[in-house]
Structures are given as C-alpha cells and as structure tokens.
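Per TrEMBL, the features are:
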type	residues	note
ACT_SITE	B:175	active site, glycyl thioester intermediate
BINDING	B:160, B:163	Zn(2+) binding site
COMPBIAS	B:222-236	compositional bias 'Low complexity'
COMPBIAS	B:237-246	compositional bias 'Polar residues'
COMPBIAS	B:420-437	compositional bias 'Low complexity'
COMPBIAS	B:438-450	compositional bias 'Acidic residues'
DOMAIN	B:9-208	domain 'THIF-type NAD/FAD binding fold'
DOMAIN	B:334-395	domain 'Ubiquitin-activating enzyme SCCH'
Ligand SMILES: [Zn+2]
C-alpha cells in the first residue's frame, strides 16, 4: 500500500510510539511520519494543535505567526515561556514544541499569513489556520490549498467557544468493518470476528460555500432549528473582525459585549434567521482564550488531521462547534450550499 | 493565568477559580492535560498524587514528561513542568498511592473538588468512597483508545461511581488455561501466570500445572469428584514434581496438590531454562495426555524436547523483515527457546537479588518480562496447535495490563455462575485491541449502550441523516453528530 519511499520506522520510534501504533497501526504511523504540517497562529489553540501533532510524530511542523507574545497569549499558549513576552510568538514557541518530540522537525516562520503567495502552501500536506478571523483571507488560503493539494483546516477559540472548519476536497479513506462468522473449533461452535478494510470516498465544500447559506431555502429553513448556535457565533465573530480589525478584548469587555449583540441582530436579520436562534448569553463567553476549550478544539483538529493524513476512518465533514451554551457538547454538522 | 486577567471569564467564574483548591489523582495521560488546563485557567492551589514513575512509552501523550525524565516520579516531574506554564502556582506533588491510609477524610476535605485521572478500578472505587465520605465533588474520567468519558459525582445529587454495576470481569475457566487451551489468549494468560508463579506474587488461583480436577474428567463417572480425580492419573506422571509425588495428599477442589510447587521446583533447579522447558512443555504435557478423556474430541498436544527444536535451528532460513519493527516479527520455535533462556536468566537474576519474601512486579513495559511471557505463550501455543502471536500482539492483550480485571476461575461451573450473575449485560465492546494510551479496563462508555460508542461508526452522508454518537439530548433527536 505504501510506496518504497516511505520511511522505515526505527526501533526508537517503535518504543516511543508503542501505544499509538497499537491504536492506529504501523502503516498509519508511516504516513504520519511522512507528512508536513503548517500551523498558522500560535494562540492557545495553535499550541494545542502543535503539541498533539508533534507528539503523534509528523515529519515536520512549521509554526507560523508574525505577532509578538502578549500577556494574554501566555495564559493559553503553554509553548511560549513567560519571559518571552514581546518576542515573536512562533519563534518563542519553537523550543518547547521541539522538546515534546526530538524526532519531529520543528520550524518557525515569522511572516504574515496574508503576505504568503499561493505557491507557499504547496510545501505542505496539511494547512491549519488558527487565530485568523479575516474571512476573505481564510477563503483565499482555502483556495490556495485546493490548488496545491493540501488539506485545509480553519479553527478558532474565543473564550469558552470554539469551532473548526475542514476542507479535504475529495477524500479517499478506509474504514474498518467487523464481520462475524461461525466456525467449529474442537467440536464447539465459536464466533470469530474478522476485520475488513472498506474503501470509502467523501466530498467536501470550500469555506466560501460553507459560509454562504440561504436560510430561507427549503433545505435550510427546515434544518435551522437543529443547526448549532456555534455556527452563528462564528459568523458574528468574523463580522466583528471585519468591522474592527480585531477580536473582542477582555479589557473592553462591556463595550465589546454590546457591540457583539448589535452585530448579532443585524447579521441574523440579514440572514433572515430569527434572533432567538442565538442566545444573547454568547456575548459573555467569547473573550480571550480559555485553556480547556483550546484543549478540546485542538484535540479535535489534531485527531482530524491524523485521520486525513492516514486516510483512515470517516472524517468530520465539515464543521465542529463547541460552546458552554450548548451543554458543553461538541457538535459536528455539515453546513453549506 | 486566565482567571488572573480580568475580562476573560465572567466575574463569578473568575472568583471561584481563584479561591479553589483542587486535587488531581493520577499524573498520566489525562492528568498531564488536566494540570496544564488547570494552571492556565488560573487554579493556583493544586495537589497531584501518583505512585508511578515515567516510562519511555508514556512520552507520546504524557507531554509534561520528556526523555530525560524517564525513571523519575510522575507527580514530581508533572509539577515541575506545569510550574513552567505558571510560575506563580502552588503545586504540591505526592509520589504515593492515593489508597495509602495517610490520605484520609480530612485530607479530602481540604479541596473544593477532586479529579480522578486513574487507570484502574480499585483506586477509582477508593477515591469515590472517600469523596462520598468527605462530601466533596469528584470528577471522574477515563480513556481507552479513541474513547473517553467524564462524569461528575456528588453525594446526594448524582449516582456514585459504584452505583452502576460494571461489566463482569472477563473470565476463563482454570481448566481451559491449565489443561485445554484453544486460543492464543489462553496461552498468553497461562504465560503471565507462569511469570507470576516463578518471579511474581504467586497467586494460588493462577496455577499453571495440569489440573486433575477438570470437570470434564468426571463427566461420565459421576463419582465423588475431588479426591478421586486428584490421584486418578498420577501414576502416569513421569515427573513427580508436576503434581506432587505419589505420597502427597489428594488434590483439593481446584486440583492443586502443592500450590507453590512451580516456584519451589524452579528454585531447586536454579532456574535452569532447559529443565524448566522440559517440565513445562514435555513432562506436564505428557501428564495431560494421560487424561484421555480430555482428548477424545480435541487435538492432542505434542510434548516438545529442547534438543529436537534446537536441531531445527540451522535448517531455517533468515526471513527478511524489511520495514517491520522487531516486535512484529513472529519468532520461530528455536528463537522462542533462545528468548526463553535469556529472559529466564535475567528475571531470575533480578528475583534472586531481592530480599527474601519480595518478588518482581509484573510490568508489560519491561523487556525481559514481556520476552518471557511471549516466548512461553508461543511455545505453549505450538504444543497445542494454536496460532502463535508476535510480541507486539501479545502485548496488546489487556489481560497483561495493570489492574486488569481478567480472572481465572477454578472451573466451568463457577464461570457459569459468574456469567449468570452478570446475565443481562452485553459483552463490552472493548477497546482492547485499540488502546493508545492509558488503557482503562473499566471505562464505561465502551460498554453496552444501544448507541454507537465511537465517532468512527457514524454515517458519512452529507445530508441530515447523521446519527448521534451518544444518546441525543431531546432537542437534537435527529440531528448530526453530538460529541457529549
Ligand atoms: Zn453509589
């Protein structure tokens, strides 16, 4: 199944990755071992995704961020030391990321995502964009990834809310299926279980289509009731960024809370979605980054990246939402035209 | 940290975090994540307790530990690493068992909340009871492979950890393990018992010698079972040490004549691997063959001799094993014998270096112990015509895990009783062959539940037909995947 270029797993790797090779198999480990990942945005979420993928044993990971470490960063990004405040956060996060697993190549890039040409993304198998609420930029990077063949993830954590968007374009994968047969052993009937690998395919939408939904259409007006409120929180935050070129700030909590509610009302009106679809309480919850939420969303993103790279098991298609508004449930929904 | 920066949390949450004191029980995969999340959220008063030391196989997920920490106390290194995320935090580490009497009700009452991040049921039960007694909220968690779960337990408000019966332990009749194995797992369990008989805590229920009280032997005679069977075939046993000699009293109900004989025998033969081999894989097998009734409908086992096997050695060609890790190569029989020699020498050396009365503790991450068990399981599998397993596969068996709930019962009737008492329960859809990390014998969410336990099982349609993973909440009855 794997070509001859696939690196051989060494005994050192086998010892380190013992538990996970038992879980997903040697072939999956080899595929991980051959993959290059770009993580943009070294916020708490970016740090979680980085930790999880470095531990899993990818070939290389590039930490990209053009901003400097602030006191808000160090309460969420555990890779950036406290004495690095004021330094570039991608560089500041590199050493601790590397310490997690010496067998992974950890690189840093201090340039702005917005300045990168399309060809840049061709160097990666996986592109994960965290901490980017610029909708147009996200749509542009998604396009670049489609043309270069990289899988694309956009994810964000805002206070106690988080989301992930996935575009795997056309994704082929295998899924284990168990089959039971009866055989006779030593005169006794016994059930034996056989695991078969079934090939499957799934198509994904681009972010532009996933964000552009006609809620008055027959398909979506009937679905609206069951759509996660997280989808609309995400829209409000993207709109907040479009208007103010920043995220809601803990230091301006009350003013920004009011602004979030104003945006919610106009945005939902424009979408022709009833106002009560999104409880006003959301505007209390989206400040800064809360570490446990970064861990939950970062865990989902990394697990999805591992599924995509190893081409094993059904991926989430195409959104994941988490918020304390919805009983602390994580919700996977496919939304888009 | 988040609670120390105003504006991130609503004020009430911020204040609760700042004034709380919390206990984390276990510094493994979940414990490491918890400590990070707690200090970053702004919990500054934390105690962590773990008995374990760091092993290289922990490093792929217990991310507070790095290679240079292997061998050190988990709780202490976890404390040091977590302090780097928040130097102002006050973290107390205990390298100790939470079940020690030092941690009584007053210890628990110091905390606002207790979090369990354990890997075994005994400790979970203990902390559960302590929290009930101390009237402290317990957050109980576990993970196995791709699955995980978390529950809040509070006296008077929720069920406790022990309210719901757990799935019955997996059980094998002792006579299957000792006399008539038919599957690889029977040989693996036998080999682990052998390890414990020779070097570990010799449990009388884990005897490895032939069982002359096998109920199959009395099926047709219907006579009084115990004393008769105990001596029925003894005259045919070549090696008197196998099941006692002719002058020993008759077997007890479990068919054991002399319970500690295996270790005593091995010690008196100075753990000579060839002699051990002859006893286990030749003499005991010859003895088993003498119990004709066992073999009327079964393939007979084949006694082996060391010399014959070693003579084959040169005839075998080296197989190529490119791209396969050493653990995944199936050992040939001569290789098994070589491994048995080396591993027996190493384990007996370590065992004999201990003070009298002390013993080795089973650890599947220990090279020699795993080698010993794999070699013995495969040699026994060969004797009984059962497919052999690689060291990798053997290690996968959760029967080898710490705190495992595998048990061997004396006979089939006893097994039936246990199974009946756990009657209505569907067998656990266990994650046994998929444990990535802190394998958890008693994790509940993998057990009987009409909904699919895993995200892997969901449908993949783009329409609204996706099934919820767990029992859906009422308002999402027919909605997409809900990861509760
Ligand atoms: Zn109870």
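Any Cβ shown, glycine's included, is placed from N, Cα and C.
Residue counts of the domain 'Ubiquitin-activating enzyme SCCH' (B:334-395) by helix, strand and coil are 42 helix, 0 strand, 20 coil (DSSP-based). Here residue B:160 (Zn(2+) binding site) comes close to B:128, B:132, B:153: these same-chain residues lie at least six apart in sequence, with C-beta atoms under 8 angstroms from its C-beta. Other Cβ atoms within 10 Å of the Cβ of residue B:175 (active site, glycyl thioester intermediate) number 26 in total over all chains. Of all the Cβ atoms in the protein chains shown, 9 others lie within 10 Å of the Cβ of residue B:163 (Zn(2+) binding site). The residue listed as 'active site, glycyl thioester intermediate' sits 33 Å from residue B:163 (Zn(2+) binding site), taking the Cα positions as reference.
For the domain 'THIF-type NAD/FAD binding fold' (B:9-208), the mean pLDDT of the prediction comes to 92.
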